[in-house]
Each structure stands twice: as structure tokens, then as C-alpha cells.
Amino acid sequence: MASPNDLQFQEFDEAAELLSADPGASTLSMSASNTSTTAAGGGGGEDVKLDLSEEEGEEESSELLGGQKPTGGFWTFEYYQSFFNVDTVQVLDRVKGSLMPLPGRNFIKHNLRSNPDLYGPFWICVTLVFSVAIGGNLSSFLSEKGNPSYHYRPQFHRVTIAALVIFMYAWLVPVGLWGFLTWRQGAERQIGGYSFLETVCVYGYSLFIYIPTSVLWIIPFEWLRWTLILIAMVISGSVLVLTFWPVVREDTKVMAVATVVTIVVLHTLLAVGCKMYFFQTEVHVPSAAPITPTINMTIATKAH
């Protein structure tokens with residue numbers, strides 16, 4: 001029969017020696033249900049949790065896409081669903097921010113708040129494509145209204161041209177700008193750098209002002225059209241300059257000024273190009289009256 005001493009809990013020899021040498025030593029408790037490690041001190045009772053759920057690939061993806069962490073691979077629908085995770089209030093707030101640029105108010109930091117989206121930029125570009133193409137057709141019809149030889153024909157190819165130009169500008173220019181800024185900042189990105197998704201987002205929302213402007217371009221007055229395009233370029237360009245200047249100013253003075261000038265020039269080329277191609281007023285020169293019969297009649301009179 002076992003003695004009472006045999007029924008007592010036995011301690012490991014090494015643990016007993018460690019506890020006897022240092023009575024205040026802490027013990028570690030590992031739990032398989034989570035990925036945290038808890039250290040309970042003898043007197044302090046502090047818990048130390050180590051979160052090991054983050055992976056290096058996810059961190060790089062979140063840095064590239066502006067802090068968001070899409071689930072699944074890039075070939076799945078869930079991967080792109082997070083890029084459109086915004087509501088109407090957020091989109092309207094960002095649209096108002098693009099219409100009212102204020103000095104010292106960064107569009108990305110004050111309007112996006114580390115939650116950039118592709119919903120607003122996508123629909124802004126689509127709406128701008130149709131407003132420019134349809135407005136250009138109406139403008140041509142109104143300018144040729146008094147011409148009896150003019151027969152109206154819808155120019156559907158303008159939709160394709162407008163879509164090509166606007167989407168190339170809204171995507172390729174941000175790609176080039178983001179790559180250039182990343183290269184200039186070095187291998188380790190600085191704290192103030194913007195992600196690729198944030199760069200695309202600010203460019204998309206900056207184009208909203210051209211939607212009402214393209215509608216007003218239908219009015220066949222050149223002075224009004226150029227006034228509207230100047231106002232739109234100042235508002236839209238100010239959004240881009242106020243957003244990217246805090247980043248580029250950390251570079252050399254020459255490179256910072258050259259980068260800002262390039263941003264403004266490309267933005268101006270888009271606006272002026274759309275106006276000149278889609279809303280060009282036709283100037284009709286009245287044809288001169290034929291003088292050949294008069295000359296022939298004069299010659300015939302002198303002959304008699």
C-alpha cells in the first residue's frame with residue numbers, strides 16, 4: 001500500500017533548485033488557443049503578450065496599399081472588396097475636400113485618414129468620360145446650328161478617346177509619381193511618404209471639379225469656357241500641390257520645384273487638351289460671291 005508521502009506532488013529537481021535560488025523568478029504560461037505569451041511575476045502580476053499573427057508579406061502589402069490588409073490573394077474578389085469599403089458620407093466628404101483646398105490642409109491626412117478607396121476615383125473618372133464626350137457632341141451641335149449644310153452625326157468615338165485619355169492620366173501619372181517619390185526617398189521609406197493607393201485616390205478625387213466644368217463648357221462662349229477652365233485648374237491643381245509638397249520639399253530644392261512643376265504641367269495639359277479637342281468652336285468664313293459670270297458679261301458687252 002502506498003504511503004502518504006508517495007501521494008504528494010513531486011516537483012522537478014531543476015525547477016525546485018531555480019525557485020530556491022531565486023524565489024522571485026517569473027513563470028511562463030503558453031496557451032495553444034492564441035499566439036500570445038503571458039509572463040506572470042511573483043509580485044507585479046504584469047502580463048506580456050507577444051502577437052505573432054503578422055507576417056512580413058502582409059506588412060509590405062499594407063504599406064503599399066495604405067494600411068489596409070486585404071484578405072485572400074489578388075485573384076480573389078475579397079482582395080479588391082476592401083478598396084471599395086466606403087460609404088456615401090465618406091465619399092461626399094472627400095469630394096468637398098477636393099473642391100475646397102485650403103493652405104495647410106493636406107487632402108490625404110485630413111480626408112482619407114489612412115483609408116483610401118477606389119470607389120470614388122473610379123466613378124469620378126467614368127462620369128467625367130461621359131460628361132466630356134456628351135458635352136463635346138452638344139457643343140458641336142450648338143456651334144453648327146446656323147449652318148444649313150451641317151448634318152448632325154453622333155460622334156461615339158469621342159467616348160473612347162475620352163476614356164483612354166482620362167483613365168491613362170488617372171492611373172499612369174500616379175504610378176509614375178509614386179515610383180519616383182519612392183525612388184527619391186531611398187530604400188527605407190520615410191514616415192511622411194504616401195502609398196500607391198493614396199496617390200491614385202488623391203488624383204481621382206482631384207478630377208471631380210471637371211465634371212460640372214465640362215457641363216458648363218457646352219455654353220458657346222469662348223471667354224466663359226477659358227474662365228471656367230482656369231478656375232478648375234487652380235482648384236484641382238491646388239489639391240495636388242498642397243498634398244505632395246510636404247513630401248517633395250524634403251528633397252533638394254531643384255528636384256522639389258521640378259516635381260511640382262511637372263505635376264502642374266501634366267494637369268494643365270489634360271484640361272487644355274480636353275477643351276481644345278472636345279469643345280473647339282468652329283469658325284465659319286463666309287464664302288466670296290462668284291465673279292466669273294460678271295466678268296464674262298462685261299467682256300460680251302464690250303464686244304458688241
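The backbone N, Cα and C atoms fix where each Cβ goes, and this holds for glycine too.
Look at TrEMBL and you will find 25-39 tagged as compositional bias 'Low complexity'.
Taken from TrEMBL, the feature compositional bias 'Acidic residues' covers 53-62.
Residues or ranges marked as domain 'Yip1' in TrEMBL: 100-270.
Under the heading region 'Disordered', TrEMBL lists 23-69.
If you look up TrEMBL, you'll see 118-139 (among others) marked as transmembrane segment. Below 8 angstroms of C-beta separation, residues 83-84, 86, 91, 94-95, 154-155, 158-159, 161-163, 166-167, 170, 197, 200-201, 203-205, 207-208, 210-211, 214-215, 217-218, 220, 274, 277-279, 281 of the same chain, each at least six residues beyond the ends of the transmembrane segment (118-139), sit close to that stretch.
Residues 121, 125, 128-130, 132-133, 136, 193-196, 199-200, 203-204, 207, 244, 247-248, 259, 263, 266, 270, 273-274, 277-278 of the same chain lie 6+ residues outside the transmembrane segment (159-181) yet bring a C-beta within less than 8 angstroms of a C-beta in it. According to TrEMBL, the transmembrane segment annotation covers 159-181 (among others).
For 193-211 (among others), the entry in TrEMBL reads transmembrane segment.
Annotation comment: TrEMBL describes 223-247 (among others) as transmembrane segment. Same-chain residues lying 6 or more positions outside the transmembrane segment (223-247) and placing a CB less than 8 Å from one of its CB atoms are 97-99, 101-108, 177, 181, 192-194, 202-203, 205-207, 209-210, 213, 216-217, 256, 259-260, 263-264, 267-268, 271-272, 275, 279.
The annotation transmembrane segment is assigned in TrEMBL to 254-278 (among others). Non-local neighbours of the transmembrane segment (254-278) in the same chain are 132-133, 135-136, 139, 158, 161-162, 165-166, 169, 173, 177, 180-181, 184, 206, 210, 214, 217, 225-226, 229, 232-233, 236-237, 240-241, 244-245, 248; each lies 6+ residues outside the stretch with a CB under 8 Å from one of its CB atoms.
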